[in-house]
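Undergrad: Okay, handing you the structure first.
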Protein chains: 2
Amino acid sequence: MDKLEKTLESRTVRPTAMRLLVLKFLLQKKVAVSLTNIEEYFDNSERTTLYRTLKTFEENGIVHQIDDGTGTIKYAVCEENCNCELEQDLHLHFYCNNCDETVCLTEYKIPHINLPEGYLAENVNLVIKGLCEKCSGH
Amino acid sequence: MDKLEKTLESRTVRPTAMRLLVLKFLLQKKVAVSLTNIEEYFDNSERTTLYRTLKTFEENGIVHQIDDGTGTIKYAVCEENCNCELEQDLHLHFYCNNCDETVCLTEYKIPHINLPEGYLAENVNLVIKGLCEKCSGH
DNA sequence: TTTATAGATGCAATGGAAGTGCATTTAGTG
DNA sequence: CACTAAATGCACTTCCATTGCATCTATAAA
Ligand SMILES: [Mn+2]
Ligand SMILES: [Mn+2]
Ligand SMILES: [Zn+2]
Ligand SMILES: [Zn+2]
């Protein structure tokens with residue numbers, strides 16, 4: 001059986017043709033992708049199907065959403081045995097102002113943040129914007 | 001002369017009636033507000049005018065935008081002598097999942113984040129979501 | 001005071017993206 | 001094959017940001 005299929009089935013997601021293609025596409029990309037990116041990549045694709053595909057992936061821990069502040073949600077495949085947990089899996093995301101690409105810096109976990117008395121953290125989003133390695137010129 | 005007028009003029013923003021009202025409203029609110037919030041507060045207001053008012057305020061360092069991940073931009077008045085600078089003025093923002101309010105935690109500066117070689121930070125957005133002091137129950 | 005001009009405002013319209021309702025098709029199960 | 005749940009396709013809606021252009025207003029020059 002195909003490796004892609006295994007990935008989906010291990011997450012109890014039925015491996016349809018489109019889902020396999022989307023997963024393959026996500027895996028080969030080194031940067032986070034938007035719904036529109038995917039729609040543009042596949043010629044005869046239905047936006048709604050892709051939308052629900054990503055939603056299903058996300059609900060089953062295959063991908064995580066990235067809100068990089070551009071107004072468009074991006075998606076990236078989760079690491080092996082990721083649970084998208086605070087102070088565990090949550091990592092830094094970097095958006096390049098020049099090439100307009102967003103990447104997961106999975107090695108860079110979000111540091112623990114002290115909060116005022118009474119505040120309870122459930123989720124954290126940390127996005128750094130600037131120039132990526134390709135665009136900074138050094 | 002009025003204190004509000006002084007604030008605007010010191011930032012070279014002409015103190016029109018609407019601008020003064022908006023600034024007053026922003027100052028009295030302890031939480032970040034959206035364009036729609038302001039629109040709803042003032043009965044006969046024009047959305048576009050408010051939009052451009054906020055834009056003008058932001059361009060002249062009177063307010064800063066807050067992207068709390070809700071999909072709606074919020075605004076809050078900058079601190080005295082704030083320049084919205086990295087590692088200087090940029091602070092943490094907290095969004096309460098229960099009461100749907102976003103607050104500036106101006107005392108909580110964004111910690112320095114190490115980046116991989118070649119990456120250059122120009123801006124940082126750090127939003128914590130959870131329960132605020134009013135909603136956490138302790 | 002009148003006039004010129006830049007700036008501010010009002011109104012209409014656009015555009016991007018997320019999200020939903022419902023009919024139809026497809027794929028597993030007995 | 002027949003049944004049923006899941007997946008897909010299409011149309012439509014909603015929300016928010018943003019722009020173009022006409023009009024109004026305030027300030028400063030004549
Ligand atoms: Mn990521
Ligand atoms: Mn703030
Ligand atoms: Zn780049
Ligand atoms: Zn709250």
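The backbone N, Cα and C atoms fix where each Cβ goes, and this holds for glycine too.
According to TrEMBL, the record shows the following:
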BINDING   A:Cys96, A:Cys99, A:Cys132, A:Cys135  Zn(2+) binding site
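Could you tell me the structural context for the features on the list?
TA: The Cβ of A:Cys96 (Zn(2+) binding site) lies under 8 Å from the Cβ of A:Thr102, A:Val103, A:Lys129, A:Gly130, A:Leu131, A:Cys132, A:Lys134, A:Cys135, each on the same chain and at least six residues away in sequence.
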Undergrad: Report the same-chain neighbours of A:Cys99 (Zn(2+) binding site): residues 6+ apart in sequence with Cβ closer than 8 Å to its Cβ, ordered by sequence.
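TA: The answer is A:Cys132, A:Lys134, A:Cys135.
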Undergrad: Around A:Cys135 (Zn(2+) binding site), how many other CB atoms lie within 10 A of its CB?
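TA: Other Cβ atoms found within 10 Å: 16.
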